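What follows is a single structure, written as structure tokens, with notes after it.
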Amino acid sequence: MKLILLGAPGAGKGTVAKLLTKIDGSVQISTGDILRGAVAAGTELGKQAQAAMNAGDLVSDDLIMGIMEERLQEDDCKSGYLLDGFPRTIPQAEALKTLLEKMGEKLDAAVEIDVPRDVILDRLTTRRTCESCGAIYNTKSNPTKVEGICDKCGGAAVQREDETEEAISNRLNVYNDQTAPLVGFYKNEGLLLSVDATSSDAVIDAIQAKIGQ
Ligand code: ADP
Ligand code: ZN
């Protein structure tokens, strides 16, 4: 399947994407993961993105479109993709539309995962991410066995630099200002599926019901 996952930071886009990859072999493409990888590797891309990311601001549309034009043409995308964290602005959505037309491809849906703000704030401040393998934990609902140490690889499970209260509240504002308008954009395109996300499984069920896979 070819899906866009829309939703505020902490809505569970990444979790849903990971579950969906197991259903039909679609690949998860997370622009956040790609950018964090570039920052960790100290590449030119990482250097350009780092300051905006730490502050919870968006990196430029040009930078993101450069990454995604290449990524969407890689072979593993032929079996479908789950776009997690992209597009994030109306210009990115427009550019994606043009790109897909050029490639002769159609999206199945843009899925809006709707989670109340207080739930999101709580989730993000308690989230811990492994610096080495990217595994995600939660100090309340899914803690590591040993505090601060990843169960899977022994790496450091830490609070992301953009998961301080201040950066989180900025990311939520950025989402409301720049990304929430995509809901209207995809509604116009006839692609919108809005799901009240009580659980990731409920989101998966709604997606399967809609696109029939
Ligand atoms: P979130 O948990 O907020 O959904 P992501 O992991 O998707 O976070 O992204 C982390 C950061 O990477 C964002 O705050 C932003 O700085 C940058 N980023 C990721 N995707 C995009 C995008 N499509 N456009 C602009 N910036 C992006
Ligand atoms: Zn790990």
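Note that Cβ sites are derived from N, Cα and C of the backbone, with glycine treated the same way.
In TrEMBL, the AMP site is described by Thr31, Arg36, Asp57, Leu58, Val59, Gly85, Phe86, Pro87, Arg88, Gln92, Arg160, and among Arg117, Arg171 the residue recorded at this site is Arg171. The candidate list Ser194, Ser199 contains one residue that TrEMBL assigns to the ATP site with Gly10, Ala11, Gly12, Lys13, Gly14, Thr15, Arg127, Ile136, Tyr137, namely Ser199. Cα of Asp57 (AMP binding site) to Cα of Tyr137 (ATP binding site): a distance of 23 Å. Looking at Gly10, Cys130, the binding-site residues in this record, the fewest other C-beta atoms within 10 angstroms of the C-beta turn up around Cys130. The binding-site residues listed here (Val59, Arg88, Cys133, Cys150, Cys153, Arg160) include Arg160 as those with a Cα within 10 A of the Cα of Arg127 (ATP binding site).
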